[in-house]
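Engineer: Take this structure first; my questions come after.
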Amino acid sequence: MAALSCLLDSVRRDIKKVDRELRQLRCIDEISSRCLCDLYMHPYCCCDLHPYPYCLCYSKRSRSCGLCDLYYPCCLCDYKLYCLRPSLRSLERLRRTTNRILASSCCSSNILGSVNVCGFEPDQVKVRVKDGKVCVSAERENRYDCLGSKKYSYMNICKEFSLPPCVDEKDVTYSYGLGSCVKIESPCYPCTSPCNPCNPCSPCSPCAPCACGPCGPCGPCGPCGPCDPCNPCYPCGSRFSCRKMIL
């Protein structure tokens, strides 16, 4: 548990660091207005206003974008965003790793699963529970203008996993949380196998006879030897043995 806590703290620090860099890029994007490179590059761009990971202009743009360099030197499709791509990929990996660790840790054992739906709005995400399986799907439509015409592209994901045998379909809930992550939860803690009720205590059985068998009756005591007529003996069974009285 100590190693798991250290790993989670390290992951959280890395996520906070990358989030700070992303907030700085958002501030730069708010300063600049609509990107003018969509005239030439928009067939390859998935967004209209350049939010951080969805702009793909840098993947197809030429060595120097004349419109951006002339009017918007702070455009997000410049060399800075190109260099930030590894950080963005690293952030997504960290988020996926964190979700898996949290889903498998003991403190969140009521979480049946989590699906990363980054890039989709909450109303675009659908969760369906049927036949002991959970299906999470999301779909969106991208529309952009290219040389006076409109073009459309579609993006969708679909994830499916099975429910544990002890979870009822009616008890499954889901929530759209931070980090664009859909969490599938159950009110009770899932277990790997159905819990067995405690066995009632069996009534006490009568004491069994000794293994050596019932005790045999005591053999009859041997009769006392005939007493000396001159010396009467003590009655049989006394603590003193028969003896002669010497006068």
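Placed from the backbone N, Cα and C atoms, the Cβ positions cover glycine too.
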Engineer: Among 154-194, 195-235, find the range that Swiss-Prot records as region 'C-X-P repeat region'.
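Structural biologist: Going through 154-194, 195-235 one by one, Swiss-Prot gives region 'C-X-P repeat region' for 195-235.
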Engineer: Spatially, which candidate from the modified residues Ser5, Ser10, Ser137, Ser153 is nearest to Ser180 (phosphoserine), comparing Cα atoms?
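Structural biologist: So, of the listed modified residues, the one sitting closest to Ser180 (phosphoserine) is Ser137.
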Engineer: I'd like the number of other C-beta atoms within 10 A of the C-beta of Ser175 (phosphoserine), please.
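Structural biologist: There are 12 of them.
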Engineer: List only the single closest residue to Ser10 (phosphoserine), chosen from the modified residues Ser137, Ser153, Ser175 by CA-CA distance.
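Structural biologist: Ranked by Cα distance from Ser10 (phosphoserine), first place goes to Ser175.
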